[in-house]
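Here the structure comes first, spelled out in structure tokens, and everything after it is commentary.
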């Protein structure tokens, strides 16, 4: 990556396809990709649920922000965790970045993807109404910092890929 360039940063609720699409675009374009959740798990040798359980959500949010700062100049594409905007520091940091792409999805589809997923501590044992409340509370923040929004339930991975490719070419960064 040219370190004078800004990475594409994927934001959005859990289960919207940030990791899948980020990896797909990176593979297709031979770009570097970092999934912040995976980066945290590898660096700290704990799963996200273990971090939540042992240290709490606020501790995890601090790690998430620290890792985002570490990765911002080393990756072409970054997939953030869905709750990264819960940290005021991370939110303000992201507000000052370029190329923030918000992946959104219908809550019913999200629920079917993440219901009972043991790797998602903020989704475990939640009803669809509880998950929808969390989803709605985060959407305003995603909207505030997003450069572009894609509805991942309306577009295929390849359609999102081509849209992102057009953005990459338009920014003439890669």
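Note: Cβ is positioned from N, Cα and C throughout, glycine not excepted.
As annotated by Swiss-Prot, ATP binding site applies to 15, 16, 17, 18, 19, 20, 120. Marked as Mg(2+) binding site by Swiss-Prot on the basis of sequence analysis: 19. The substrate binding site annotation in Swiss-Prot covers 37, 61, 82, 138 and is backed by sequence analysis.
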Using only C-alpha positions, which one of 16, 17, 20, 120 is spatially nearest residue 37 (substrate binding site)? These are the binding-site residues in the record.
120
Cα separation, residue 15 (ATP binding site) to residue 138 (substrate binding site) (Å, whole number):
14
Max CA to CA distance in Å over the substrate-binding set 37, 61, 82, 138?
18
Let me know the most crowded of the binding-site residues, choosing from 16, 19, 20 and counting other Cβ atoms within 10 Å.
16
Just how many other Cβ atoms lie inside 10 Å of the Cβ on residue 138 (substrate binding site)?
19
Between residue 15 (ATP binding site) and residue 82 (substrate binding site), the C-alpha gap once rounded to whole angstrom:
8
Residue 82 (substrate binding site) and residue 16 (ATP binding site), Cα-Cα, nearest whole angstrom:
9
Position of peak Cβ density within 10 Å, selected from the binding-site residues 18, 120:
18
Could you round the CA separation between residue 19 (ATP binding site) and residue 61 (substrate binding site) to a whole angstrom and send it over?
18
